[in-house]
Structures are given as structure tokens and as C-alpha cells.
Amino acid sequence: MSRPVAICCLLSALYMWTLCNAQSDSGSPAIQLRLAGEKRKHYEGRVEVFYNGEWGTVCDDDFSIYAARVVCKELGFVDAESWSPSAKYGRGEGRIWLDNVHCTGGEKSLAHCQSNGFGVSDCKHSEDVGVVCTQKRIPGFKFIRNQANSEEGLTVQVEDVRIRATYSHRKRIPITDGFLEVKDGGKWRQICNEEWTEMNSRVICGMYGFPGEKRVNTRPYKLLAKRRKKNYWGFSVNCTGNEADLSDCKLGREIELKGNHTCEQGMPVVVSCVPGRAFAPSVSAGFRKAYRVEQPLVRLRGGAMIGEGRVEVLKNGEWGTVCDDNWNIRAATVVCRELGFGSAKEALTGARLGQGMGPVHMNEVECSGFEKSLTECYFNRDALGCSHEEDAAVKCNVPAMGFNKRLRLSGGRNPYEGRVEVLAEKNGALVWGTVCSDSWGTMEAMVVCRQLGLGFASHAFQETYYWQGDASADAVVMSGVRCSGTELTVDQCLHHGKHIECPKGGGRFSAGVSCTQTAPDLVLNAPVVEQTTYLEDRPMYALQCAHEEHCLSSTADKADPTSYRRLLRFSSQIHNNGQSDFRPRAAHHSWIWHECHRHYHSMEVFTHYDLLSLNGTKVAEGHKASFCLEDTHCDEGIQKRYECANFGAQGITVGCSDTYRHDIDCQWIDITDLKPGDYIFQVVINPNYEVAESDYSNNIMKCRSRYDGQRIWTYNCHIGGSLSSETEETFPGLLTNQLSYR
């Protein structure tokens, strides 16, 4: 006869455990589950089983997604996302309790799945299995809490958490103040504030995208609470303040629930958060724009969404990256709060958001969690052995601003593409309408994709007749849109006011986009340019091909065939540091064949080479024509994929570079008419933003250059965005990034 068995699962600071009930026809033994291990979020980790008074692990032999589902559901999560073999979350200790586990996915507990039996295993801890659960909790799941076997104490486990604004604050965005409520057993409940601390509020604010908390005047809330029916949660909460999520905080003492007499000395918890500057509700936008922000010491690069990216720090006027050794959620949270976001959702390692350039400034970072800046944390200054393949990155919690509700894509084949439709005010009412596609390009598309949370733009469309949008939203409600690329919403871009101006009209000429989760990032190798510059005098008759392709200055049109042109020659190496291949936007059929050079050009404009005077005026220009794109050299272990020969596919693979040697045609600037003096030598890749990239700031390289009429010196070459703003101010045009000729 079967008898019910209490199956317990607990959740602790380093571990996650949950107590549940299981029942077995064969009288399965009582077990508890928890998720443990390093560098993890609260819904993932090494699977550990408590059996016979002792914690042990599960071997990865025969483990499957069905077994992961059983584990996650037993822990109170809706489902499993994935599982990992080979001790991804570190090696466990003690016994390996289960091996050759076979589940169908419908079992109530891991104890019900077929296995070799408890303690029967031929595995080592290098085969410990891990799982990743969905973040969503099972609605109404009862987390049965049992203090037995809990050395570290339980952590908070609830279905959901929210800040519930009062009626007067409902329309404010973002919601920064309100009653705190937790969902447990399918019901929203308040927490008694008798033992509530500022550190608890700090954690809640961090979860909701706010860097800090502030004291709140509780008097109006007290009056409101008296009129409301209370439904208290049965526990207090103990946070230290450096947790990234409430689920990392310890569960406090149990509170006796006595109906309306519960929490007689206090009232429901009220939380008030301080938003970062980018999200603060502002009365005077003009004042905020006039305020000059001081040079930050930390920044994020290469992320698709606001609040995510590769972490870069400024040291001695030069930006560099952080090595991922010891990189964890605590250090990531310090970065996020410093930049005006909340706590970190994820601490990413292994250059997950693209590789940086320049030096690696920090290694083995250790933070307490209360530092004002990452630069205050302990770190090893010696980053020997750290390459950019180990660049650390973060994803931060950001406030719910509702940006994605004011914009939509319609008519596309998938949620990542379609005609852009915006919500605009017309005659006092909010209506959906289209965007005029005049001047619509990659930068504008980038802002749309970011606003919708869909990543980077892969294409910007000026004709969308093949996408049937919503007929009620056919009218053009926005025109003249010009974005710099840093805006959070299309509304923040420059655009016409109430008077719409759209010569072609909307309809088939409405603006459209397609978005993607990853993007390439082209970076020029500055030392290669600096080391290879030299002058060459070449006769006009040897430059016929180059002249045909507009690689010489305009005075060459009238030059004598026997005369000479003076060329500033150099090599350039362009590396793809991003997360996807750099591909020309034009399809094969529209590439242009150049008979002289015997290859197809896949992009109308790929690079600009210019010499500028010290005040930023162009005095000589070089190659403006298109290029054949191919993998010349690849990092170790990466296969070349693109080759121009025989009408082959063109592009630059991630981890590969396209090299243009100094001795090939058009790899120069024609300085025949240049007077001696000091100049700025500038190279710009992808200048018209023809192809979307994760970071355009590093597409420009500037050098100092001195010409005495016979010789030329090139020095101080650096990439845009690699130096502090004070240093870059000495190079005109670099800060304003005046590259586009659209």
C-alpha cells in the first residue's frame, strides 16, 4: 500500500531549495532538492538531492530535458529551459545519489523517475548535472517551509513581487513609490513593516531598475492602509542590501496571522525608489539637456538593449575592458547601480556581448556590493593572460517605462519585422499611424528595435508595400525622423511637429524595420595604419583604373597623362569584433562588376579616407568607392567563409579581419595639391551606416599627421571612443561623430 511522503526542497543564500509533497506507489524515499553552484541566477544551478540526512548530486548520464522539467516543477518553476552536463556549475561534494535517471516529464518528483537506485553510481563529480528553469513560478504553488536541515537559513520564495502604486501615482511613469506586495499561493499579500529595513527596500528598488531607495512619508499611506482590507504574508524579510533579487534574501521570522490584528504596531511596507537620471520624471527637459554630465569612469558597449553591454572602465585617459575571472552578480550590480540602473539580471562572461579593444584594465574583481563605483572594488591590476575573449559584460534591471506600448510592428512574417506604427496624439485622442520613410535609415531603425526590446536593426526599409499593416493605421502621423542612435524612443529623435511633411505619402512608402538579436562590430587596427604610412609619387598613366573608380582627387581629371600624383599610402586591417558576420546589404544580383580590377563591388561606400585641417575642414580625400569584402585572416580556430574570387560570397566573419595592403589600388589619399603643415588623418568604416553594427563609435580612426612637402609623419593614431572625452576634444569632429553624408 502506498503512503504519502513529504518531499522537501529548500532555498538558501548559495542554494535554492523548495519543499513540496511527493507520493510514490512504491513508497519512494523522502528527498529534498536544491540548485547550487557558482556564477548563477536563482533559477539555475547544479542539481543537489538531500537523502538519508546528506546532500549529494545527480550524474549527467542519460539525463534529459524531461528530467530537468521534473526538477524545475518540483522547485516551483513552470518548466525547464535547458540542462547542462559536465559540472557546468562547478563540482559538488559528498555522494552522487542518482545515476542513469530516466523521467517521462510527468513525475511529481525526481524520486519517482527510474534510476540505478539511490547511491548506485559509477560517476565522478565532473559529471554533475545542472538545470536552467524558466523564471516564471507555478501560479498558486505552495512553498512549504521546513526549518529542518537548514544550516544557512531559507531564502525568500514567492511567485511574484510588485510595487502597487496608489491611485494618485498610477499615471506616473516609472512607478517609483507604493505598497510592496508579494504573490504566494496565488494571492497578493502585503508585508508587515515592523522589521522592514532600508536594506530590504534597496533590494526591491534594484529589482525594479532603480539604483537607490529613499525614505518615504508614510502618513498618507497609513490613512490609506486603514481603509483597506489587509492580507499579510506570514514572514518577515532579512536582506543585507547587496542582493540582486528578493529571492537571494533570507526569510525572517514567521509572523502570527491574526486577521486585522496582524502587525498591530506597524502597517504594510511602503517602498520609495530613486530613478537614474535617464528615467527620472522631468518637468524641465531643457534644463536637463543643458546640464553637462561629467566624464563617467565606467560605460557599457555593444549591448542591444538599454542597460546591457560589455563593461569598460577609464584609466589614465584610455578606455579598457574587465577580465571575467571571478566576475559575478555582485560586481555586475555595482556597475548597474553606478550607471543609473537597478541591480544586475546577469553577469556575463566570455565576451558574450562582443570583444572590446585596447587594454584589459581590471582582473579578479571583488565587490562588497555597496561601492559607489566599480573602480572602488578590489581588483588585480595585473591582467596577465587575460584576452578580449574573456571580456565581462552585464544585463541590468531597468524601470518599466512602457516605451514598447507606444510603438508596434505590423504585417511582418515574424515579430521581428514589419511596418513601423506609432501611437500619436491627434485631435486630443491617441491614434495609431505610420512613419514617413523620407530619410529613414539604419539609425532610426536601431532606435525602433531598441524601443521594442527586439535587439539591433538588421535592415531599415523605405518601402513596405509587401507588408499589410493595420488599415486603421494607414495615415502618416510622424515625419522627418532623424536619430543619432542613442535615443530610447522614436519620440526622442528629431522629427516634424504637428505639421507632417511627407512628399511621397505613406502607404507603400511607410517606414519599416527588421530586427535581430546580434550584430557585427567592425574595428580598424590603428597601429597597422600608423606603422605602414608612406609617400609614393606615381605617374598618371599607371593610375587609369584608380581614376576610373574615383580614387584620385578632382584635379586629376584635368591632369597631364605624363604628370605624377603624390599618394599617401597605408595598409588597413578591419576586424569584426561583434557577434554576427558583417554582410553587405545589397544582394548578389545588384553588385557592380569593375572590369579594371576584375572583381565585384558589394557596397556602394565602405570606407572614407580623408585628410583634415586642424579645425576639421577636409583638405584631401581618398577612396570613396565600394569594396570587395572577404576574410583575409582569422583568429585561431575560426574558419574563413568569405572570398571575393569567382563571384563568391562577400562579408567578414566574426573573429576575422579584411586586410587591404598598402600596395593595392585606391589604398591611399591623393595629396598632390596639399600644402605642408599639420593635419588630421581620418579613416571611417561603413560611413553611411549602410550595414547595422552594435557600436558605430569605433568605426572612426584619427591620427596626427605632419607633412613638410617631402616626407610625412603619422602619429597618435586612435579609434573613436577609445580615449577620454577630454583627450578626444583635441580631435575636431570626433565627439560629434560627423561621419554621415546621408
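The backbone N, Cα and C atoms fix where each Cβ goes, and this holds for glycine too.
The disulfide partner of C133, as annotated in TrEMBL and taken from the candidates C72, C103, C192, is C72. Neighbour counts of Cβ atoms within 10 Å were compared for the disulfide-bonded residues C72, C113, C483, and the top value is held by C72.
Looking at C133 (disulfide bond) and C493 (disulfide bond), their Cα atoms lie 39 Å from each other. For C59 (disulfide bond), the same-chain residues that are 6 or more apart in sequence and have a Cβ closer than 8 Å to its Cβ are I96, L98, D99, N100, V101, S121, C123, E127, D128, V129.
Among the disulfide-bonded residues C103, C249, C377, the residue whose Cβ has the fewest other Cβ atoms within 10 Å is C377. Among the disulfide-bonded residues listed (C72, C367, C493), C367 has its Cα nearest to the Cα of C239 (disulfide bond). Of all Cβ atoms in the protein chains displayed, 22 besides its own lie within 10 Å of the Cβ of C367 (disulfide bond).
Just so you know, of the disulfide-bonded residues C123, C133, the Cβ with the fewest other Cβ atoms around it within 10 Å is the one at C123. Looking only at the domain 'SRCR' (163-274), the predicted model's pLDDT averages out at 84.
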